[in-house]
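Okay, structure first, notes after.
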């Protein structure tokens with residue numbers, strides 16, 4: 001366990017004094033909580049960032065396609081970087097010295113995570129992410145387009161919530177994973193959740209829905225994150241040997257979302273170079289967060 005001063009001192013030299021002291025205070029505060037409480041607070045934070053993005057409808061009724069594609073690219077970059085730096089790499093490291101090859105738990109968990117999201121994608125009725133058409137995916141339903149749009153973004157938030165929960169579970173295990181690393185992952189996911197809230201609320205506002213209703217739909221899409229984060233941390237705490245598999249599972253689920261939905265949508269509007277730049281920036285931001293704090 002870190003003391004308050006040690007938690008702050010570990011960040012000294014990486015950030016300006018006021019910032020690293022503030023982060024040290026956050027680490028110290030979280031250390032006093034049970035991992036379930038840590039994960040719940042982290043999930044609430046990531047939901048809050050989505051709500052903040054959804055609140056953009058109170059300031060503007062439209063966002064250009066160029067800006068939207070840049071944001072989608074940024075989101076993809078953060079998720080790709082988080083999948084490796086915060087999830088897959090620790091999973092492989094934790095598996096070293098076991099009776100199985102170090103890569104096996106990571107590969108199995110990664111593939112299972114992708115299959116899990118594929119299964120939900122086939123079952124849960126939703127619109128293609130960012131789609132302007134009425135074509136739906138999943139089981140046939142009579143739900144309104146607005147509901148299907150929210151379900152689409154909710155689908156993406158499940159692996160993000162799981163990743164946050166598993167990270168705090170790993171930190172609680174005290175085995176090759178730290179609380180600052182879990183905070184870094186939470187921060188990165190929170191940052192990229194901002195455009196996800198905007199992606200839901202602004203199009204609804206543009207279609208004539210009131211500001212309040214548009215905001216409500218936008219923030220509702222991330223309510224699943226606190227729930228998924230608690231599920232993730234509980235699974236790791238109850239069955240500690242699954243930790244490497246759980247980290248890789250969350251990574252596989254996130255990569256599935258990025259490759260199947262977010263990157264194609266970011267490239268669809270004719271702004272591929274801009275979206276690619278956004279991806280590079282997002283990857284860099286998450287890499288810095290993980291290396292600096294992890």
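Heads up, the Cβ atoms here are built off N, Cα and C, so glycines get one too.
What you see is a predicted model, and the numbers here were worked out from it, not measured in a lab.
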Of the residue ranges 1-22, 67-88, the one that TrEMBL records as transmembrane segment: 67-88
Top Cβ-contact partner of the transmembrane segment (275-293) among 67-88, 100-117, 215-239 (pairs under 8 Å): 67-88
Criterion met for the transmembrane segment (245-263) and the transmembrane segment (174-194) (at least three Cβ pairs under 8 Å): no
Sequence-remote partners of the transmembrane segment (67-88) [C-beta within less than 8 Å, at least six residues beyond its ends]: 106, 110, 130, 160, 163, 166-167, 181, 184-185, 188-189, 191-192, 194-196, 198-199, 247-248, 250-252, 254-255, 257-258, 262-263, 265-267, 269, 271, 274-287, 290-291, 294
Distant-in-sequence neighbours of the transmembrane segment (148-168), which means Cβ under 8 A and at least six residues beyond its ends: 35, 38-39, 42-43, 46, 50, 79, 82, 86-87, 113, 117, 120-121, 124-129, 131, 136, 141, 177, 179, 181-182, 185-186, 189, 193, 196, 199-200, 203-204, 217, 220-236, 243, 246-247, 249-251, 253-254, 256-257, 261-262
Cβ pairs under 8 Å between the transmembrane segment (215-239) and the transmembrane segment (39-60), at least three: yes
